[in-house]
Each structure stands twice: as C-alpha cells, then as structure tokens.
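Noted in TrEMBL for the protein shown:
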ACT_SITE  LYS11  active site
ACT_SITE  ASP136  active site
BINDING   PRO94, ILE95, ALA96, ALA97, GLY98, LEU99, ALA100, GLY101, GLY102, SER103, THR104  ATP binding site
DOMAIN    66-144  domain 'GHMP kinase N-terminal'
DOMAIN    202-273  domain 'GHMP kinase C-terminal'
Amino acid sequence: MKELYVNAPAKINLALKVAGLRDDGYHEIKTIFQSISLADRIKLKKRSGGIVVKNSTVELPTDEENLAYQAAEIFFAENDIAGGVEVYIQKNIPIAAGLAGGSTDAAAVMRALYDLYELEYDCSELRTLLAQIGSDVPYCLEGGTVYAQGRGEKLEFLPFIGEKDILIVTPQFCIPTPEIYSLYDQMKIKNNFDFDKLLQNIKADEKINWDLDYKNDLEAPAKKICQDIKDIKDIIKKTAAEFYLMSGSGPTVFAVYKDRSRAEKVAARWPRKNDFIRVVKTIDRY
Ligand code: ATP
C-alpha cells in the first residue's frame, strides 16, 4: 500500500461543564463529545524519508505547528521506522472553531500511518501517544458519543445518541481557547444545569430531553469577545430547533432539528452571508 485516503470527522460538545482549576493551571472539564459527518479529507503517500505536510488552505502551517505533522513525527519516532510520508489535508472543517479540526487531523494521520506501514496497533496505546499532542486528540481517534473528563482526555464510550440532523454555523472569527478560559475564571460563571441527567439519559440509551437546556460553561466568556455567537443564536431561536448550543470554546453554534428538511430550510434562508453553514449528521464511533 503506497497511498491512502482517510476522513477526519469534526466533533461538537453536547454540553460542557468546567469542573475546576487544577494546580497545573489547566481546567478540569466534563463534556459529552459527539462526532459529526463534517470531515477533512486526508491523503497520505509513502516517501523514502521526511515528513511533508500540504494543506488546501494557506491559513494552516505546514511544519511542526501542524498537528498532523506532530502525529507523523510521533509515529516515526515511536516505531523507529526508516521512511517518511507526504500528507495532503483537504480542509473542510473551519479552523479554530470549537470543532476539533486540528485534533482530528492528528488522530486520523496517526491511525492512517499504522495502516500505510502495515503495522498492528492497539487503540488505547494510540490514545496515549496522541494525548501528547492535545487533550481532545485521543477522543478523535475513534469518535462517537463519549463522556470526557480531565482536560478532555479521560474517555468513557457511551451508546451512540442516534443519527440526528444538525446545523453548523461558524462565524468568521477565531477564538483562542486559552483566552476563553482566562475570561471564564474572571467571570466566575455558575451555570446550573443537570449535566449528570444528560449523561444518565445517554448511558441508559434513552431519548435525550433537550428541554433540560444543557449548557456550555465557555459560552458566556466566548460571547464577551465574539458578538456573532449571540447574533447566530438569536436567529436560530426563531427556527424550530430542538436544541442549540455553542461547541467547545466556540465560536461555532450547532442546532439539532427533528428532520433534515427543517435544517436545510434554515440553512437556505440563512441571513448572515459570511458565516460557514452546513447541514450534517451525528455519526457513530468509527
Ligand atoms: P478544539 O475544539 O479542539 O478547541 P478548534 O476547532 O477550536 O479545536 P483547531 O481547528 O483544532 O481548533 O485549531 C486550533 C489551532 O491549531 C489553530 O490555531 C491552528 O492554526 C492550529 N492547527 C494546527 N494544525 C492544524 C490542522 N491540521 N487543522 C486545523 N488547525 C490546526
């Protein structure tokens, strides 16, 4: 096998609770990750040596700053292989948008390299390797519906919530995650929502009661620096969405609809011309 194509799916957070500040300066979180069908498409080709990363957009680095590059470096160091790879990333997921776009590229490249070099792997060992790159990279290895704790790296696989039609709206505004967390600390936010109820619902394979209005603790600080989040939510509020929330550290807002045609109608009539807008589906563990 000399070349390989893989998908790298994005994720949304169905709820996110900040559970405290740790001694190392990072925040403990509790969240439910859910993969969606929006995905980057990655081509990998064997080389005799060296790592080469190319992207479909000039906005992304091609060197060690690219998380996919870091995954390849770890792969070659870990397996002590004489060889290299050329990676081409067709970027379909908005960058720095709360959709884990970089993390999913890293996880997909790591897994694809094992396949390209025909090496066996164990997913839990790969997750440990991927945790060096970032806290939500281990999740992206297999995706699905997952309860995450710690910095997002302690994972518990949950039953798939089922195929749901989701509208994704990302304004043209990049949010640096560290800034959101420090604003969160300053704002002393207390959101009272029943995270455990959502977790129990999903664990018991029950229909999610969206009326319980699950929250993302990072939404208030993100709104402070990005007015678009509120504007987008105000538009979605007037549609027949079952539920809507900001994903991760933002600024993407997702909305859950009863059927695809409703979501498509909202997308077709979307009034803000510069937003990235897609109708996607939730997907199971891959
Ligand atoms: P998360 O939900 O994990 O916080 P995000 O969607 O907010 O992630 P990313 O799209 O992963 O953010 O990008 C975060 C940063 O990572 C950006 O500053 C970007 O330049 C950098 N980055 C490095 N490699 C990649 C990549 N392959 N794709 C996207 N971003 C990358």
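Quick reminder: no glycine exception, Cβ is built from N, Cα and C everywhere.
What TrEMBL annotates, mapped onto the structure for a quick look.
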residue : record           : Cβ within 10 Å
LYS11   : active site      : 30
PRO94   : ATP binding site : 22
ALA96   : ATP binding site : 19
GLY98   : ATP binding site : 27
ALA100  : ATP binding site : 30
GLY102  : ATP binding site : 27
THR104  : ATP binding site : 29
ASP136  : active site      : 27
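Residues ALA10, ILE93, GLY248 surround the recorded ATP site, their Cβ atoms falling within 8 Å of the Cβ centroid of PRO94, ILE95, ALA96, ALA97, GLY98, LEU99, ALA100, GLY101, GLY102, SER103, THR104, which are themselves excluded. Using CA atoms as reference points, the binding-site residues PRO94, ALA96, GLY102, THR104 were checked against LYS11 (active site), and the closest is THR104. Spatial neighbours are here defined as Cα atoms within 10 angstroms of one another, and by that definition the neighbours of ASP136 (active site) among the binding-site residues GLY98, ALA100, THR104 are ALA100, THR104.
In this structure, the recorded positions that sit close to ligand 1, with a C-beta under 6 angstroms from any of its atoms, are ALA96, chosen from LYS11, PRO94, ALA96, THR104.
Per-residue pLDDT, averaged over the domain 'GHMP kinase N-terminal' (66-144), rounds to 97. Residue counts for the domain 'GHMP kinase C-terminal' (202-273) under DSSP, split into helix (H, G, I), strand (E, B) and coil, are 31 helix, 10 strand, 31 coil.
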